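Enquirer: Structure below; questions to follow.
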Amino acid sequence: MSNKLAEIGNNIDSRYTAASGIRRQINKVFPTHWSFMLGEIALYSFIILLLTGVYLTLFFDPSITKVIYDGAYLPLNGVEMSRAYETALNLSFEVRGGLFIRQMHHWAALTFMVSMTVHMLRIFFTGAFRRPREANWIIGCVLLFLGMAEGFMGYSLPDDLLSGVGLRIMSAIILALPIIGTWLHWLIFGGDFPSDLMLDRFYIAHVLIIPGIILGLIAAHLALVWYQKHTQFPGAGRTENNVVGVRILPVFILETSSFGLVTFGVLALLAGLTSINAIWNLGPYNPSQVSAGSQPDIYMLWTDGAARVMPAWELYIGSYTIPGAFWVALLCGVLVGLLVGYPFIEKKITGDDAHHNLLQRPRDVPVRTSLGVMAIVFYFLLTLSGGNDLFAYHFEVSLNAMTWVGRIGLIVLPPLAYFITYRICLGLQRSDREVLEHGIETGVIKIMPNGAFVEVHQPLGPVDEHGHPVPLPYAGAPVPKQLNDLGFGGEPGRGGYFTPDNDSLAAKYAEIEHENHLEEMAMYKNLQKNNRAQDGVEED
């Protein structure tokens, strides 16, 4: 078998001379920090979305034609509904595995959006968007917005009461746009709301157009990551010109494949054990049945919250009236613009035009970190405001009061979050500098000859002639704060949950770790030697 594979490989290489290029690519090194797996959750969620979506398209009809339901769900028998809602019910109750696949599709959509958001937060707070990766930041923003549009269209397709209310709100916001509102509404909905072409257009966009664009952007995103090399956190042996981690074969490919299977398993468990978007409890869309308690999915809830807390300000220009819903669209547009343009805004203010492959700790960039926390607080306040009617109902308070709580909170809390975060970052910086200057606190108290009590510190570097630690420069890497971080606590034992490894196996592990340590030390010495040679520093 191996000879046959070798023969096939030789035949391919003789025609395309791909061996040398493939060898270089499979030797690519990936960092091992856990936060780099956040983007992979989004990737695997999108793959699951494609697979489950293909299955759902086999049984779903997006027609808005009215029919009388006569199916497995008895409470709705004899009720007039659209063909789209009927096929969604049939898919849930009569197609084998249909409900499981539909719920897995919905959970994967939520996971896709949440993982993309958290992934972008990691990129923002660590400065991974800086030059030369501005293009990837823009691609990520476009992916986030396309994911929101794709999800909104997806849960609008069943034509249930909740999705219909969401579409009606979106229709009103689009119509409130000056000049282009009417034309944009016609382009999206195909006429007045609801129109006969509405779901057909959503279906084409949801199944063909937007997934194709997302797939192309993901490919471009991964290609840029591969070509520009991966960022990494500062640490021993890590520079702007190298990457420390594991090779793609065999370690990384095994880790990422296992992580993909875990993602698939978690989504399958969620789909099988928890119910989501139970459209049979909502009934078909009926404009006369619109009520409170109508919230979209979590990634769109902030837009609903903006519509709820925005004052009803109407703008009159001559004989034209701009409705209050326009300000909601304007606010969303401003937030989107700030998100996309932030790398260029920061570059303009700081004047930083250098290439960056090493990441930053959030505490080292307090202004950016504080702005990020401020934006997160603003987003969560809008999200909570999207459910202000539920808060008012369950806590028996005035809905008007809850609306004003959201308005005042949006003005007061984000600046407060900025101030608190900024002070926390400065405090963490002082904590790092204190350890670098004085050493790690040991908890040992020593009595001086004059009767004073002082705490003994463990220096991180050399000491002067008086025994005082020599202050060390901060290199952007985590600073050890406890003696266990330096290995004083020893290493944990090896073995299973209940039994340790035997002595011979433990000795073998220790020997391997010692060899790896010697190899790592030799690598660091060679790296230091090469760096000094490049800088023109002579060896001692």
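Backbone N, Cα and C define each Cβ position, glycine as well.
Per Swiss-Prot, the features are:
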{"type": "BINDING", "residues": "HIS105, HIS206", "note": "heme 1 binding site"}
{"type": "BINDING", "residues": "HIS119, HIS221", "note": "heme 2 binding site"}
{"type": "TRANSMEM", "residues": "40-60", "note": "transmembrane segment"}
{"type": "TRANSMEM", "residues": "109-129", "note": "transmembrane segment"}
{"type": "TRANSMEM", "residues": "137-157", "note": "transmembrane segment"}
{"type": "TRANSMEM", "residues": "169-189", "note": "transmembrane segment"}
{"type": "TRANSMEM", "residues": "207-227", "note": "transmembrane segment"}
{"type": "TRANSMEM", "residues": "259-279", "note": "transmembrane segment"}
{"type": "TRANSMEM", "residues": "325-345", "note": "transmembrane segment"}
{"type": "TRANSMEM", "residues": "371-391", "note": "transmembrane segment"}
{"type": "TRANSMEM", "residues": "408-428", "note": "transmembrane segment"}
Enquirer: Round to a whole number and give the Cα-to-Cα distance in Å for the pair HIS119 (heme 2 binding site) and HIS206 (heme 1 binding site).
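Expert: One finds 24 Å between the Cα atoms of these residues.
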Enquirer: Six or more residues beyond either end and a Cβ under 8 Å away: which residues meet both conditions relative to the transmembrane segment (169-189)?
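Expert: That would be 152, 195, 197-198, 201, 304, 307, 320, 322-326, 328-329.
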Enquirer: How far is it from HIS221 (heme 2 binding site) to HIS206 (heme 1 binding site), counting Cα to Cα, in Å?
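Expert: So the Cα of HIS206 (heme 1 binding site) lies 21 Å away from that of HIS221 (heme 2 binding site).
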Enquirer: Hey, which of 40-60, 109-129, 207-227, 325-345 has the most Cβ-Cβ pairs under 8 Å against the transmembrane segment (371-391)?
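Expert: Against the transmembrane segment (371-391), the leading stretch is 109-129.
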Enquirer: Check each residue in the chain of HIS105 (heme 1 binding site) that is at least six apart in sequence and keep those whose C-beta is under 8 Å from its C-beta; list them in sequence order.
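Expert: Once residues fewer than 6 apart are set aside, HIS105 (heme 1 binding site) is near ILE48, LEU49, THR52, GLY53, LEU56, GLY154.
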Enquirer: In the same chain, who gets a Cβ under 8 Å from the transmembrane segment (408-428) while lying at least 6 residues past its ends?
Expert: 309, 362-367, 369-371, 373-378, 381-382, 385
Enquirer: Applying the under-8 angstroms CB criterion, which one of 40-60, 109-129, 207-227, 325-345 scores highest with the transmembrane segment (259-279)?
Expert: 40-60
Enquirer: Through the lens of DSSP with three states only, how would you label HIS119 (heme 2 binding site)?
Expert: helix
Enquirer: Tell me, please, if the transmembrane segment (40-60) and the transmembrane segment (325-345) are in contact, taking contact as 3+ Cβ pairs under 8 Å between residues separated by 6 or more positions?
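Expert: Touching, no - the transmembrane segment (40-60) and the transmembrane segment (325-345) miss the threshold of 3 or more Cβ pairs under 8 Å.
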Enquirer: Within 10 Å of each Cβ, count the other Cβ atoms, then let me know which of the binding-site residues HIS119, HIS206, HIS221 comes out lowest.
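Expert: The binding-site residues HIS119, HIS206, HIS221 were compared, and HIS221 has the fewest Cβ atoms within 10 Å.
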